């Protein structure tokens with residue numbers, strides 16, 4: 001299956017390009033109170049090392065806005081301010097922030113939006129029109145309810161409003177908590193404009209539910225060439241948001257990065273402690289950013305076949321096993337020695353690629 005991405009306009013959030021030919025960026029949002037400067041910076045640091053590209057923060061009042069200015073000065077990542085209800089906070093934050101997200105369902109009048117646009121235009125920063133099925137403007141929800149039709153009307157209305165103000169540094173999100181509706185919303189909007197899309201399923205739930213919903217919705221859209229930046233929303237799971245987002249990009253074939261682990265589900269043929277081995281391998285390889293296929297198999301039935309397509313592989317047997325690299329056996333060892341040797345081969349593979357580059 002050939003992947004062909006929809007060509008969108010390119011904008012910039014800080015030093016991160018979004019749209020056009022830029023890589024699909026991964027975002028997250030802090031769950032600290034923004035006025036907690038140290039706590040917010042600690043979470044930003046965690047996201048930075050997890051591989052996030054952009055971070056969004058809530059701004060409820062001027063205490064948050066003033067704190068955000070200090071956070072921005074110390075942040076290693078571009079920051080977006082998330083604004084609801086009070087457009088004056090967006091105007092204030094536009095002086096130092098990298099991007100503004102507004103919810104057209106609660107930002108208020110056209111005059112409010114004009115003020116936000118003026119502030120963002122002066123700084124040259126983008127605005128995300130963040131349409132959410134749970135907070136559609138009354139004029140559209142009264143006519144269409146809270147479904148995709150209302151979301152489309154809201155998006156197009158607000159796009160035109162910004163364009164009429166000669167503002168084009170726009171990205172758009174069309175979020176619902178339902179995977180199918182999310183897919184429909186983005187698919188129907190895509191032919192109507194060429195602005196970059198921020199993908200996400202809102203209020204997706206805890207790790208398990210979010211992973212399922214986000215994989216279905218975001219994976220589906222990405223395979224259709226839709227999407228320029230994305231967030232996997234999870235209740236209270238910062239690093240996991242990034243990890244799952246990167247996995248969706250990798251397993252959809254859209255953007256290769258990090259380790260792809262192939263492992264068997266286990267059965268009665270297993271004669272080794274495969275479960276413990278997998279846990280160790282996952283933990284010890286999660287820092288790797290290089291695209292790498294590794295295989296950890298519990299018996300000989302599929303192990304050698306999978307190893308041929310892997311960069312590094314283990315084939316467990318009874319009390320012993322093989323370490324395989326690019327289809328060639330490099331070691332036959334006792335079970336207790338296999339994982340350490342395997343991990344050493346993985347690290348050597350990463351280093352050898354770095355030298356070639």
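Using N, Cα and C of the backbone, Cβ positions are placed for all residues, glycine too.
For reference, Swiss-Prot has these:
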type	residues	note
BINDING	264, 267, 299, 306	[4Fe-4S] cluster binding site
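Known features from Swiss-Prot, placed on the structure.
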residue	record	contacts (Cβ under 8 Å, 6+ apart)
264	[4Fe-4S] cluster binding site	274, 296, 297, 298, 299, 302
267	[4Fe-4S] cluster binding site	298, 299
306	[4Fe-4S] cluster binding site	262, 295, 297, 313
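Counting every protein chain shown, 20 other Cβ atoms lie within 10 Å of the Cβ of residue 299 ([4Fe-4S] cluster binding site). Highlighted in sequence order, 265, 266, 269, 270, 297, 298, 301, 302, 303 have their Cβ within 8 Å of the centre of the Cβ atoms of 264, 267, 299, 306, the residues recorded for [4Fe-4S] cluster, and are not part of that set.
Under the three-state DSSP scheme, residue 306 ([4Fe-4S] cluster binding site) falls in the helix class.
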